[in-house]
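Annotated features in Swiss-Prot:
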type    : residues                                                                             : note
BINDING : Gly10, Ser11, Gly12, Lys13, Gly14, Thr15, Arg122, Ile131, Phe132, Lys194             : ATP binding site
BINDING : Thr31, Arg36, Gln57, Leu58, Val59, Gly85, Phe86, Pro87, Arg88, Gln92, Arg155, Arg166 : AMP binding site
BINDING : Cys125, Cys128, Cys145, Cys148                                                       : Zn(2+) binding site
REGION  : 30-59                                                                                : region 'NMP'
REGION  : 121-158                                                                              : region 'LID'
Amino acid sequence: MKLVFLGPPGSGKGTIAKILSNELNYYHISTGDLFRTNIENDTPLGKEIKQIVENGQLVPDSITIKVVEDKINTIDNRDNFILDGFPRNINQAIELDRLLENIKIINFLINEKLLVKRLSGRRICQSCCKIFNIYTLPTKEKEICDFCQGILYQRKDDTKESLKIRLQEYNLQTKPLINFYSNSNRLNNIDASKNINEVQKNLMEIISKIEKKLV
């Protein structure tokens with residue numbers, strides 16, 4: 001099944017996608033991971049992406065579509081994967097429909113106040129990249145990783161100022177996708193404000209219902 005996870009930053013769609021990729025052998029395609037790989041490899045696209053992200057803006061369609069299409073073309077099984085963070089707007093959705101058929105959409109619903117709390121509190125270990133949260137998953141020692149004792153840091157785009165810009169961009173560009181997919185009966189909403197186990201359980205129920213309809 002080809003799944004698209006929609007939802008604002010901090011809605012937990014990336015975490016759930018990784019869980020499904022491990023438990024159900026879905027191939028997880030994260031635009032965030034693709035962007036970071038380009039940045040780490042210091043590619044021409046990576047340099048461009050880095051500047052855009054540090055300014056708290058969304059990466060433009062031309063770059064995003066190319067990065068995602070290139071990745072999809074490397075997958076052997078193109079019938080069983082999750083797209084996380086793509087598409088973000090109608091233009092990208094149209095391009096995705098050109099590339100793939102029978103896409104099903106999971107829309108992660110969560111209120112903005114909880115989003116800001118989740119993201120502004122996020123801290124990442126510089127050494128092992130484990131993720132913590134000063135509000136919901138604090139470390140035993142302040143700013144020190146529980147696993148490797150590495151130093152924690154806050155991403156520049158996780159500050160409250162950057163988050164406001166990111167959420168404004170999301171509301172402006174991505175929310176119209178809800179109508180786009182709803183009109184074609186591909187939209188499935190899920191309450192992402194619950195804990196991760198409940199969200200996973202509800203998602204499995206949705207996937208099961210979709211599979212029954214496809215039989």
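For all residues, glycine too, the Cβ spot is worked out from N, Cα and C.
Where Swiss-Prot records a feature, it is marked here on the structure.
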{"residue": "Gly10", "record": "ATP binding site", "DSSP (3 states)": "coil"}
{"residue": "Gln57", "record": "AMP binding site", "DSSP (3 states)": "coil"}
{"residue": "Phe86", "record": "AMP binding site", "DSSP (3 states)": "coil"}
{"residue": "Arg122", "record": "ATP binding site", "DSSP (3 states)": "strand"}
{"residue": "Cys128", "record": "Zn(2+) binding site", "DSSP (3 states)": "coil"}
{"residue": "Cys148", "record": "Zn(2+) binding site", "DSSP (3 states)": "coil"}
{"residue": "Arg155", "record": "AMP binding site", "DSSP (3 states)": "coil"}
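Candidates Arg122, Cys128, Phe132 (binding-site residues) were compared with Arg155 (AMP binding site); those inside 10 Å Cα-Cα are Arg122. In this entry, Gly10, Ser11, Gly12, Lys13, Gly14, Thr15, Arg122, Ile131, Phe132, Lys194 make up the residues listed for ATP, with the farthest two CA atoms of the set 19 Å from each other. Among the record's AMP binders, Thr31, Arg36, Gln57, Leu58, Val59, Gly85, Phe86, Pro87, Arg88, Gln92, Arg155, Arg166, no two C-alpha atoms are more than 26 Å apart, and one pair sits at exactly that spread. Gly12 (ATP binding site) sits 20 Å from Cys128 (Zn(2+) binding site), taking the C-alpha atoms as the reference points. Taking the C-alpha positions, the distance from Cys148 (Zn(2+) binding site) to Gln57 (AMP binding site) comes to 32 Å. The binding-site residues listed here are Val59, Cys128; among them, Val59 has the most other Cβ atoms within 10 Å of its own Cβ. Of all the binding-site residues listed here (Arg88, Arg122, Arg155), it is Arg155 whose C-beta has the fewest other C-beta atoms within 10 angstroms.
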